[in-house]
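As written in TrEMBL, here are the features:
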type: TRANSMEM; residues: A:12-32; note: transmembrane segment
type: TRANSMEM; residues: A:52-79; note: transmembrane segment
type: TRANSMEM; residues: A:91-108; note: transmembrane segment
type: TRANSMEM; residues: A:128-152; note: transmembrane segment
type: TRANSMEM; residues: A:164-193; note: transmembrane segment
type: TRANSMEM; residues: A:205-229; note: transmembrane segment
type: TRANSMEM; residues: A:241-261; note: transmembrane segment
type: TRANSMEM; residues: A:281-300; note: transmembrane segment
type: TRANSMEM; residues: A:307-327; note: transmembrane segment
type: TRANSMEM; residues: A:347-368; note: transmembrane segment
Amino acid sequence: MKSLHRGIIEEKPLYWIPPVALVILLGLFLTFKRYFYGLGSVTALNDYQPWGLWVGFDVLCGVALAAGGFVLTGIVHLLNFERYKSVVRPTVLSAFLGYILVSVGLLYDLGKPWNIWHPLVMWNPHSVMFEVAWCVMLYSTVLALEFSPVVLEKLGSWRILRIVRALTLPMVITGILLSTLHQSSLGTVFLIVPKKLHHLWYTNLLPVHFFLSAVSVGFAMVILESFVSHHLFKKSLETNVLLDLGQFMVVALMLMLIVRIQDVSFKIGWKNVYDGTIESWAFMTEMACFVLPLLLVFIYRNRMKMGIIVLSAAFTMAGVVLNRLNVSIIGMARSGGFRYFPSWEEFFLSFFLVTMGVLVFILCVKFLPIFPEEPAEEKPAE
Amino acid sequence: MLIDFTECIGCGECVKACQKQNKLGDNPSKDDLSSHNYTVVLKQEGINYRKLCMHCQEPTCASVCPVGAFTKTALGPVIYDADKCMGCRYCMMACPFGVPRYQWDSAVPVIAKCIFCNERVAAGGETACSWVCPMGATRMGRRSDLLEIARGRVERHPDKYVNYIYGETDAGGTSILMLSSVPFDKLGFPMDLGAQPLPSLTWSVLSKIPSIVVTGGVLLGGLTWIINRRIQLDSGALVDPEDSSRPGKGGAK
Ligand code: SF4
Ligand code: SF4
């Protein structure tokens with residue numbers, strides 16, 4: 001039964017080691033350069049566009065893509081959809097790692113990362129960023145606690161385990177509240193730039209958009225991660241569970257689209273959306289990524305297959321990633337005079353962080369009881 | 001501080017005085033604000049004009065900074081505390097006038113922006129730029145007095161000035177006031193900021209958070225309670241739940 005956890009690490013040859021080692025070496029070198037020679041030495045950031053790929057991707061996308069943690073623990077523990085339990089652990093683990101990556105990403109992006117703890121003692125409740133900082137900090141703690149049973153089980157500390165388990169519900173509720181707050185607040189962050197952010201994205205509903213898209217992509221990520229784990233770790237795929245989660249995703253997507261479509265109709269008018277600029281293309285691509293899953297699910301509604309759900313989830317993820325980049329980079333570029341395009345170092349260090357995250361995930365799967373021991377015990381739905 | 005562009009001869013004395021006062025080093029490039037230039041004098045449409053921090057009445061930078069590194073003092077200056085700053089650069093994103101600059105090439109970078117020569121002003125003096133200006137194009141004073149002067153000039157010389165005092169209401173009003181003979185948007189000053197201070201945009205959302213937390217908490221707690229209670233009732237009727245055979249977490253028991 002243990003062998004089930006092994007997957008790629010032992011069964012496959014070690015051909016992946018050299019490229020990964022190379023990524024790590026180059027990553028470390030660029031890290032050194034960034035900390036000793038300043039942000040300008042590795043990024044294309046400038047005074048006209050002070051936020052780039054690291055904020056747009058590492059932080060905004062990172063937080064959104066880690067939303068699987070709160071949506072899944074929510075439906076499993078609060079709404080009591082117990083049959084999804086088997087995916088809770090991997091999801092919580094990836095959410096936890098996601099938030100760690102976000103924090104590490106921030107350590108790269110902040111000009112003076114050694115002051116990252118300052119919001120703890122230097123308060124400015126008028127700042128959205130202050131609120132986000134607190135929520136992310138607290139939520140990371142919640143995720144750590146939610147994940148701790150896995151480690152405690154392994155260590156056999158049954159007494160602490162009992163305490164942590166008794167706290168499950170309050171923790172889940174706190175987690176949902178904190179997530180709701182900071183997922184939406186990342187949209188609020190951009191409310192302060194009404195004239196700088198392109199009108200296709202600027203709306204006072206930004207917090208709502210950010211929250212609903214985070215929920216959608218939360219489900220999408222659970223689906224995608226299960227699918228990838230299935231191939232990577234040779235896990236049995238719980239098709240029913242994923243198809244169900246796909247439904248949740250579709251509902252969340254519809255909600256988000258309704259809000260956005262109303263918003264665009266009232267504020268901008270659809271005929272004004274396309275004007276040939278790069279922004280309008282970016283906006284339409286983003287919208288397409290959100291509409292396509294709905295179309296797919298609608299067309300195949302009677303012949304629902306795993307592939308369709310996975311594809312829909314992939315589109316949702318692409319849409320949310322694009323949305324965050326649109327709001328933080330593409331939509332801001334015009335006001336900065338189009339003077340920024342991420343440097344290869346920025347791309348590479350982001351890639352480096354993601355690689356490290358995946359590596360840690362694989363190690364956790366190898367050494368900790370992440371996936372259920374008896375993968376075949378799936379119950380027929382209903 | 002009132003800056004009358006029509007009186008400015010573009011000598012750049014203020015730029016040099018500022019660099020000296022704030023120890024910014026002598027940067028040959030003076031095309032735009034930078035970490036070496038808290039202020040610059042530029043020429044466009046046949047007129048010389050200055051760029052610098054506007055020292056907003058309700059500064060956006062101070063509102064967005066997560067660690068409160070900016071403070072608006074009673075006398076008007078918006079000052080910056082580099083020791084607090086963690087370098088998130090939200091202030092640069094948020095400033096409606098696009099003022100704050102960054103030391104991109106430093107391993108210990110700080111935000112660079114005009115601080116209204118706070119030490120001099122607090123000691124009762126003038127800013128370096130207004131003190132050095134040979135034409136009196138930049139002059140210090142109380143905001144209300146300067147507004148009166150500005151209004152008088154515009155009324156007396158409608159042919160010379162555009163009928164607009166920049167900074168009177170823009171982004172909620174600023175401590176720097178400007179007069180010009182060329183429309184301000186032609187010089188790159190945003191004219192669409194409105195009279196409402198920007199911080200209210202985010203505050204209107206942030207101030208709702210306590211009620212969201214309380215309502216949300218009660219809602220979620222209540223929901224869970226109801227659902228779990230029903231499940232308990234159901235499973236009580238249906239003998240024991242087979243779920244206990246699972247090694248996972250014991251969520252709802
Ligand atoms: S102009 Fe910008 S930097 Fe200066 S006080 Fe206003 S918001 Fe702050
Ligand atoms: S860069 Fe510094 S001063 Fe600007 S908002 Fe961030 S912490 Fe505050």
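Note that Cβ sites are derived from N, Cα and C of the backbone, with glycine treated the same way.
Predicted automatically and left uncurated, TrEMBL annotations should be read as such.
Not measured: the values here are computed from a predicted model.
By the Cβ criterion (distance under 8 Å, sequence gap of 6 or more), the transmembrane segment (A:164-193) is counted as touching the transmembrane segment (A:52-79), at least 3 such pairs being found. For the transmembrane segment (A:347-368), the most Cβ-contacting stretch among A:12-32, A:52-79, A:205-229, A:281-300 is A:12-32 (pairs under 8 Å).
Count of Cβ pairs under 8 Å against the transmembrane segment (A:128-152): among A:12-32, A:52-79, A:205-229, A:241-261, A:281-300, the largest is for A:52-79.
Between the transmembrane segment (A:241-261) and the stretches A:12-32, A:52-79, A:205-229, A:281-300, it is A:205-229 that has the most C-beta pairs under 8 angstroms. The stretches the transmembrane segment (A:52-79) and the transmembrane segment (A:91-108) meet in space: the count of Cβ pairs below 8 angstroms, excluding pairs fewer than 6 apart in sequence, reaches at least three. Counting residues 6+ beyond its ends, the transmembrane segment (A:205-229) has Cβ neighbours under 8 Å at 63-72, 87, 90-91, 94, 179-180, 183-188, 190-191, 235, 237-238, 241-242, 245-246, 248-249, 252-253, 255-256, 259-260, 263, 290, 306, 309-310, 312-314, 316-317, 319-320, 323, 327, 365, 371 in the same chain.
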